[in-house]
Amino acid sequence: MFIRNILLVFLVLKITSANYSAGPFAKWTVQNAWKHPECATEIQKVLSPDLEEEECDTKKFYAAVIDGGSTGTRLHLFKFKHNPEIEHSMFELKKETFKELKPGLSSFCDNPEMAAENIRHLIMLAKKAVPKELWKHTPVTVKATAGLRLLPDDKAETILYHVQDEVDESGLLVGEESVGMLSEIDEGVFAWFTVNYLTNQLRHVALNANKATIAALDLGGGSTQVTFAPQYPVEAFSMVGESEFSHTINIFGIPVKLYTHSYLGNGLIAARLGIAQLTTQGNDSNTRKLTTHCLPADFLLDDWDYSGHIWIVTGTQNSSFEDCLASAKEYVVDIKNVREVPELQVHDVYVFSYFYDRGVQANIIRNSHEQKGGWATVGDYKLAAERACSLPAEAIGPEHWQPWQCLDLTYIYSLLHYGYGMPDDKEIHLTKKINGMETSWALGAAYHMLSHYHTTPHTPAVTNETPADYYEGQNDTTQPGIITQMVTYISDRATDVLSIFKMVS
């Protein structure tokens, strides 16, 4: 049962040095997003009296996070409530308003105005849910992920430029870094935090208990992330470059080294293209024709829209699960060099996003209104893939995902089994929502964004006001049984981009 009262835990990131270039794209460009210099940080107890005064009458506040994913643009509007008359200001995370629009931002690479139009629609939905008097106190951010990372820099920057204009005109609280690219490390760390927070597993960290937290595996359209706190760090990092696969954060004053890595190009939709290209003879970039062992020989898909291009996809005479598996395994192991992660064996593993979607569609788990998901095994994906790959062309349904079901399920199995090294009998939890909240990086990112406003003087961009004493001091939260005081949750290193979201190595 969801514990309703949750203690405010601010994510405080103090950056004492910055060295980024000025210019029209300086606050969010693709180029700047990848700079990772060393910067100082601090841990401090924080409670904003300005927040208590500001929210004394309404006792509620909001934060809007817009996820610019590769296959969809998603609004996560979080509603919080508190009672400032109670010592330590206990908070409740009351509600999440979620809305997704398709396609993703990267699909508008040749029509960036339409990307801004999607953002405008989501902002309008957010404003309908937020009382008008709180608009100027509701921070909003738009962060793009793998879809834009896969585009040429100039196209990605043009999209972000148009999105920035739309956000500036929103009437919500807009910071200097409200629009930008979410780093791959942030994506994994924030998702790990969200999963462990919502499942109450962070208590192990708070109590300094040597117990395994949950491993979070996210499968997006353009990239996939694996993040967990190793119980055996020496062994966990022995097979990989520690500097590339590790990230240290301080949780409740305790340093925690995370194993986290994002594989760009290993998202489900990007993998479709990569796997099909392996079996396409004389890959024709002009006609954009693909062939794959993962479709029946007499099946034609003539309108696959990916990353601004229309592809024609056909099957081969060798179509079968075995040949599809060989292609998927080659892509995962040989082409993308996904590393085995033996320690996943000792963790509960939660998988979400496309892991969940394809699992439900293949009846690996039962769908439900609550979208809580359920437990399955890695081998269940293999069995489902075998069934999907045995279908003749006439049995493939009309829904957009059905022609790809054989390839998608085979790829997921290959990623989990041959990539991460999990055996067929390893149990994993497929989930979409935990306690009614979407399982994604957005919730962790919202907490970090709110604390940024707590510690940083801010000028609302749309009103040109400069409140001398205004600090937007809202919350990161944990259940009340975990700790009894206000504490901070921060990264031990940060970028010079001064981003609301940045928690990168």
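Placed from the backbone N, Cα and C atoms, the Cβ positions cover glycine too.
Automatic, uncurated: that is what TrEMBL annotation is.
What you see is a predicted model, and the numbers here were worked out from it, not measured in a lab.
TrEMBL lists 1-18 with the feature signal peptide.
Look at TrEMBL and you will find Glu187 tagged as active site, proton acceptor. Non-local contacts of Glu187 (active site, proton acceptor) by the CB criterion (under 8 A, 6+ apart in sequence, same chain) comprise Thr145, Asp218, Ser223, Gln225, Ser262, Trp441.
Feature annotation from TrEMBL assigns ATP binding site to Gly221, Gly222, Ser223, Thr224, Gln225. For Thr224 (ATP binding site), applying a Cβ distance below 8 Å and a minimum sequence separation of six or more within one chain yields Leu217, Asp218, Ser262, Tyr263, Asn266, Gly267, Leu415.
Same-chain residues at least 6 positions away in sequence with a Cβ under 8 Å from that of Gly221 (ATP binding site) are, in sequence order, Gly69, Ser70, Thr71, Gly104, Ala146, Gly147, Gly267, Leu268, Ile269, Ala270, Tyr354. Following the DSSP three-state reduction, the secondary structure of Gly222 (ATP binding site) is coil. Gln225 (ATP binding site) is surrounded by 28 other CB atoms, counting those within 10 A of its CB over all protein chains shown. All protein chains considered, the CB of Ser223 (ATP binding site) has 25 other CB atoms within 10 Å. Taking Cβ-Cβ distances under 8 Å and a sequence separation of 6 or more, the neighbours of Gly222 (ATP binding site) in its chain are Gly69, Ser70, Ser106, Thr145, Ala146, Gly147, Arg149, Leu150, Leu264, Gly265, Gly267, Ile269, Ala270.
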